[in-house]
Amino acid sequence: MDLRRRPPKPPVTNNNNSNGSFRSYQPRTSDDDHRRRATTIAPPPKASDALPLPLYLTNAVFFTLFFSVAYYLLHRWRDKIRYNTPLHVVTITELGAIIALIASFIYLLGFFGIDFVQSFISRASGDAWDLADTIDDDDHRLVTCSPPTPIVSVAKLPNPEPIVTESLPEEDEEIVKSVIDGVIPSYSLESRLGDCKRAASIRREALQRVTGRSIEGLPLDGFDYESILGQCCEMPVGYIQIPVGIAGPLLLDGYEYSVPMATTEGCLVASTNRGCKAMFISGGATSTVLKDGMTRAPVVRFASARRASELKFFLENPENFDTLAVVFNRSSRFARLQSVKCTIAGKNAYVRFCCSTGDAMGMNMVSKGVQNVLEYLTDDFPDMDVIGISGNFCSDKKPAAVNWIEGRGKSVVCEAVIRGEIVNKVLKTSVAALVELNMLKNLAGSAVAGSLGGFNAHASNIVSAVFIATGQDPAQNVESSQCITMMEAINDGKDIHISVTMPSIEVGTVGGGTQLASQSACLNLLGVKGASTESPGMNARRLATIVAGAVLAGELSLMSAIAAGQLVRSHMKYNRSSRDISGATTTTTTTT
């Protein structure tokens, strides 16, 4: 039996249950068994039943007729050619043979289709399905001498909530129906209507009707959909609300910053704020940008490894760098090629270009420059086959040793000295406990785990929160959170020196999500909104140092909480849902 074509069973009801909340399964009685066994179901008709003779005899007759008539006609054809008799002159016998050949051919052609399609054209009746159910029940019934199986009550799932939809104008209703029917592609609504808000509303309504699921809790109003058209998000149906908290003031390089953090994790902002307080009282933190360069690494292939090596020698030759830089820098007035590094894997070459990108994060900028260089290289290397503009030697949105060692984006180190009395009063721990915990957890523990750039407590928490608040690419949190946290007792063990080194902070203050109203406001709060008018790239570098400073504060506070044994207590107080989940679950499973 083909289970794919089997209709669903009707729902089981229990007349003994007045409220309908439960249904019971009980073994059938013996009288039911006798009645079921006495039931007979007529087999469904088949297409082959219409033949006057049994199928095997009919097949034998037509197979014999087809080949014998074909042999006879071929024999007559040869005789006519031999005696120069026109082929169109036929006798009655030959005419009958031709008709028999055509008839047998038609039958044989139809025969091979009958057996193939008759299982599809003959559908089993509802009684047949009942018979199959009867057989299945008999097969699964176990004959035992033990007492009957107790009744098992199965709770019904609650009915889904009805979809709450807004009433739309008649014209919009027609468009919604066209989207559902596939007449109008959903992605083309903005260009067809010329109104991004209206397009999102129509797409949202079509989505609810197609899926049968309500998205009433996803807000639609209060967002500028024009600002994301063609650059931030396609086919929008609403926007997500994430709370933004402020940690600070963060005293960094002599300036005070109020750091916006978009997060749904309790304790995160409070903990970072405590770290900022300890650093502020101790005189603040200082930061240094070690390197500023975005990378892109295409992969190219040659016929031999020797030829790929020739490209490597050409690109890494200092005499050729100026020419490559001129070609590369055409992509933007802010793009400045810094270095070219090439590595070989067989006959494949991976070329890592690094360039400064001003206040932009710079992925598009460096990709354009790489494209210019690849087109230029085809003159000297016509046999070069460009496989991809990115060969993962960049490496973007993936944990990679090349970023940990060489850096990508902004490489920043941030440090602070926290006085011993501040450690005791504000952080509720001791210098010795912090130093020991950092060595065993962040250094030795991460090494035991085989961590790549994860020699820290929770750098990604702070990086992600600041990234979302300021319009950065959240996916680049992967490499941007690579961090090593160092702690050392100084001044005869009275104070502690803490630092974070982050080689791959990928941020920008122009382009992408930084132009959105909420994210732009957070950048303005930090004083790094838009491009720097003083020096290209200054705002982006300052944002990177703020990220590192916030990470430093977060590391200091969390490590202190762990050393003092406060982590579990604080999270149980501030990072738990206040809802009675067990009660809600019980209500859901016991009510209709």
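Positions of Cβ are set from backbone N, Cα and C atoms, glycine also.
Here Swiss-Prot flags 1-45 as region 'Disordered'.
Residues or ranges marked as compositional bias 'Polar residues' in Swiss-Prot: 12-28.
The N-linked glycosylation site feature in Swiss-Prot is assigned to Asn16 (among others).
Per Swiss-Prot, N-linked glycosylation site is recorded for Asn19 (among others), and the stated evidence type is sequence analysis.
Here Swiss-Prot flags 47-69 (among others) as transmembrane segment, drawing on sequence analysis.
Marked as transmembrane segment by Swiss-Prot on the basis of sequence analysis: 97-117 (among others).
What Swiss-Prot records for 118-171 is region 'Linker', and it gives similarity to another entry as the kind of evidence.
Per Swiss-Prot, the feature region 'Catalytic' maps to 172-592.
Reduced to three states, the DSSP call for Glu265 (active site, charge relay system) is coil. Glu265 (active site, charge relay system) is surrounded by 15 other CB atoms, counting those within 10 A of its CB over all protein chains shown. Here Swiss-Prot flags Glu265 (among others) as active site, charge relay system.
Residues annotated as N-linked glycosylation site in Swiss-Prot, with sequence analysis given as evidence: Asn329 (among others). In the three-state DSSP scheme, Asn329 (N-linked glycosylation site) is classed as helix.
In the three-state DSSP assignment, the secondary structure recorded for Lys397 (active site, charge relay system) is coil. Residues or ranges marked as active site, charge relay system in Swiss-Prot (evidence: similarity to another entry): Lys397 (among others).
Residues annotated as active site, charge relay system in Swiss-Prot, with similarity to another entry given as evidence: Asp473 (among others). According to DSSP, Asp473 (active site, charge relay system) is assigned to coil rather than to any helix or strand.
What Swiss-Prot records for His571 is active site, proton donor.
The feature N-linked glycosylation site is assigned by Swiss-Prot to Asn575 (among others).
According to Swiss-Prot, the feature phosphoserine maps to Ser577.
Ranking the recorded positions Asn329, Lys397, Asp473 by Cα distance from Glu265 (active site, charge relay system) puts Asp473 first. Note: the Cα of Asn329 (N-linked glycosylation site) and the Cα of Asp473 (active site, charge relay system) are spaced 24 Å from each other.
Here the C-alpha separation of Lys397 (active site, charge relay system) and Asp473 (active site, charge relay system) works out to 10 Å. Long-range Cβ proximity for Asp473 (active site, charge relay system), meaning a same-chain Cβ under 8 A and a gap of 6 or more residues, is found for Met361, Lys397, Phe467, Glu506, Gly512, Gly513.
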